[in-house]
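This report concerns only the one structure given below.
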Amino acid sequence: MASSYVVVTITANFVISIIGTIGNVLLILAFVRCRDLRTISNVFNLTTFAVGMVICSVVYPLQGLLDAFVITQNPGCITFLCIAFFAGICFTLNVLALTIERYISICHSLHAPTILTNRRVAFALGGIFVYAAFCAFLPLATPLGYNGKVDPTVGCRLFVIVQKYYVAFIFTNFLSPVIPMIVIYGRIFVVLRRHIRAVVDLSTIGPSGTSDHIEANVVAARRERARWKREVKSAVFLFILIISFVINFLPFVIFVLTSTFNANSAVSPLAFSLTHVLVYSVAAINPYLYGFGNKSFRRAVLSLFGKGRTSSKDPSLTTNIASSIAEK
């Protein structure tokens, strides 16, 4: 059982870490190289990919060492858990910020350039990282964490290293953003549906005027409809990411909370490791689902291998939300 457990842990860890790291790194390089992608809206994408890269390349491999009982004692245990908390909260709140950005760009497109300014975006991202650091490193600086000797037969388990109420607090940070994200996406889909119907009505009603004007109006209506359809696709991909986050995270939450608040519950190392596979797979799925699902990011990644061209626009960040929406 021990040998098969280690094999499963190492194999799953290696596959997810490699796939997730490659996907996130490619999209980060695409953002840096392609000038068209350097918009305020895509900054939230960039930070999500950057945190995902850290999770896949650093946090999950370290988690594998804990799951395989290579790291079994403090200070390694509590230090890793704090790093994992920090990365997890950053990723979750970045997805929430990305959801809010989509809401502003789609539902309030006329005011989006004045709302999503460089300063406000920087302030939001800075607040996310400061809050995540404060919450995550509390066990190192307060009695919430256990710095003593750990039972080697149990290993670095969350319910051993930190207080049970802190465990509940951390998982509240992970799961509470899901509710506003779902509510926001309900509003986004209503707005998208209304806009697409309006564009369809314009394209089906016979326009008056000369033939040149009629043709121009039809072409404009088709382009507008295609643009809103791209927005639907972008919103659907991000919504799928949120749902996959909830589905993959729930088994881990149930397992850990049961083990934390029920002293008589049996702890299966294999089950514990498999719940980590589900949790960390979200950071590996994100670049392929939401990143490569974006046509502009896809073209930019292909350009890294000489199969496309980057734009010659000004490389500075822009608040041109309309162009960002068209890219999606």
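Each Cβ is built from the backbone N, Cα and C atoms, and glycine gets one as well.
What TrEMBL records for 6-31 (among others) is transmembrane segment.
What TrEMBL records for 23-290 is domain 'G-protein coupled receptors family 1 profile'.
As annotated by TrEMBL, transmembrane segment applies to 43-66 (among others).
With a threshold of 8 Å between CB atoms, the same-chain residues lying at least 6 positions outside the transmembrane segment (78-100) that come near it are 44-45, 47-48, 51-52, 54-55, 58-59, 62-63, 66, 71, 124-125, 128-129, 131-133, 135-137, 139-140, 145-147, 156, 158, 161-162, 170, 173-174, 177, 180-181, 184-185, 238, 241-242, 245, 282-283. Annotated transmembrane segment per TrEMBL: 78-100 (among others), in sequence order.
The transmembrane segment annotation in TrEMBL covers 121-146 (among others).
Residues or ranges marked as transmembrane segment by TrEMBL: 166-188 (among others).
The feature transmembrane segment is assigned by TrEMBL to 235-258 (among others). Within the same chain, residues 92, 95, 98-99, 102, 106, 158-159, 167-168, 171, 174-175, 178, 181-182, 185, 188-189, 192, 265, 271-272, 275-276, 278-279, 281-282, 285-286, 289-290, 293-294 sit at least 6 positions outside the transmembrane segment (235-258) and bring their C-beta atoms closer than 8 Å to a C-beta of that stretch.
TrEMBL lists 270-290 (among others) with the feature transmembrane segment.
Most Cβ pairs within less than 8 Å of the transmembrane segment (270-290), among stretches 6-31, 43-66, 166-188, belong to 6-31. Listed by sequence, the residues of this chain that lie at least six past the ends of the transmembrane segment (166-188) yet keep a Cβ under 8 A from its Cβ atoms are 85, 88-89, 92-93, 95-96, 99-100, 102-103, 106-107, 135, 138-139, 144-145, 158-159, 235, 238-239, 242, 245-246, 249, 253, 256-257, 260.
Within the chain carrying the transmembrane segment (121-146), a Cβ under 8 angstroms from the stretch's Cβ atoms is held by residues 40, 43-44, 47, 74, 78-79, 81-83, 85-86, 89-90, 93-94, 97, 160-163, 166, 169-170, 173, all 6 or more beyond its ends.
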